[in-house]
Ligand code: TXA
Ligand code: MG
């Protein structure tokens with residue numbers, strides 16, 4: 001049985017984590033599936049519960065930058081980014097310190113570690129109460145749609161984890177931006193809650209990985225097919241059929257069998273916050289009505305639109 005813990009039960013959630021159990025918790029981006037990052041057995045249980053390949057490293061979460069930088073070696077760029085964006089939806093990949101006590105399974109054996117200080121009061125309270133760094137991937141089965149509510153977590157992981165701490169819906173709705181600072185040029189491994197434009201104000205030009213599968217080599221988790229709903233998804237829809245579900249943006253196309261509007265006002269940040277819930281809802285509604293697929297209207301690449309388009313491309317990729 002997986003316990004659904006109300007927000008007031010942070011102490012109980014922390015106690016479970018210290019005992020080596022898995023506890024899902026809210027962050028500002030998506031729900032994370034937490035375990036003590038120093039405990040190899042607990043971290044192994046994350047990979048097992050998600051069905052995630054163990055070559056795909058996890059992000060370690062900390063209550064503040066000082067705790068994060070005790071495990072990795074920050075340079076001036078990392079310090080400036082942390083000062084500007086933490087707590088918040090930015091993950092930094094940095095060289096692991098020789099004395100780091102993060103289990104090697106958390107970092108999938110790499111000589112770098114991904115670290116982040118989440119910008120959600122409940123996540124920070126949990127990290128402080130647990131007193132250990134938390135390894136936390138998104139709290140969904142590997143390859144599926146990320147969870148932005150406690151109900152989404154239970155839909156995928158009920159019975160596989162000890163508890164989920166309920167903090168209501170996540171505000172940002174797409175995962176953190178992952179920036180690799182382990183080499184001379186900052187490299188964007190995953191667009192996310194902090195825009196590239198905002199990063200560039202602090203560290204100058206940010207490179208994007210080359211190749212058809214963004215980040216594949218540097219970030220083992222950025223496989224092309226990911227965030228996959230059950231129904232096939234097609235992008236850049238300019239028209240829609242009656243036997244299709246529509247993921248709309250702005251004024252919806254006419255004629256769909258079911259509609260979820262990411263943002264009637266055409267706001268990319270609102271679209272990000274409503275993206276994963278929309279994919280889940282259209283998937284269920286489409287199955288119920290016997291629809292053949294989901295058509296997604298174009299979303300402009302401005303602001304969080306960049307991260308939204310990245311997730312949509314992966315959701316639409318061949319499985
Ligand atoms: O918003 C988020 O980042 C959420 C919340 C829970 O914090 N977490 C999350 O974790 O999205 P996950 O495991 O679903 O995605 C982590 C990404 C993966 O693409 C992984 O490959 C990459 O970060 N990553 C982790 N450690 C890395 C490393 N040392 N080098 C390169 N990429 C790394
Ligand atoms: Mg994920």
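The backbone N, Cα and C atoms fix where each Cβ goes, glycine too.
Taken from TrEMBL as is:
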BINDING   29, 61, 116, 136, 176  L-threonine binding site
BINDING   52, 56, 112, 138, 146, 190, 227  ATP binding site
DOMAIN    7-194  domain 'YrdC-like'
Task: Across all the protein chains here, work out how many other Cβ atoms are within 10 Å of the Cβ of residue 136 (L-threonine binding site).
output: 28
- prompt: What is the separation, in Å, between the Cα atoms of residue 176 (L-threonine binding site) and residue 190 (ATP binding site)?
  reply: 8
- prompt: Tell me, how many other CB atoms lie within 10 A of the CB of residue 227 (ATP binding site), whichever protein chain they belong to?
  reply: 24
Task: Count the other Cβ atoms sitting within 10 Å of the Cβ of residue 116 (L-threonine binding site), across every protein chain shown.
output: 27
- prompt: So which binding-site residues out of 138, 190, 227 are up against ligand 2, CB under 6 A?
  reply: 138
- request: Using CB under 6 Å from any atom of ligand 1, narrow the binding-site residues 52, 56, 112, 146, 227 to the ones that qualify.
  value: 56, 112
Query: Nearest to residue 56 (ATP binding site) in three-dimensional space, by Cα, is which of the binding-site residues 29, 116, 136?
result: 136
Statement: The sparsest Cβ environment within 10 Å, among the binding-site residues 112, 146, 176, is found at 112
Message: With DSSP assignments reduced to helix, strand and coil, which class does residue 138 (ATP binding site) get?
response: strand
Query: Should any of the binding-site residues 52, 112, 190, 227 have a Cα within 10 Å of the Cα of residue 29 (L-threonine binding site), which are they?
result: none
Field: Max pairwise CA distance, angstrom, over record-listed ATP binders 52, 56, 112, 138, 146, 190, 227
entry: 25
Least Cβ-crowded entry, counting other Cβ within 10 Å, from the binding-site residues listed as 52, 61, 190: 52
- prompt: Closest to residue 136 (L-threonine binding site): which of the binding-site residues 112, 146, 190, 227, going by Cα position?
  reply: 146
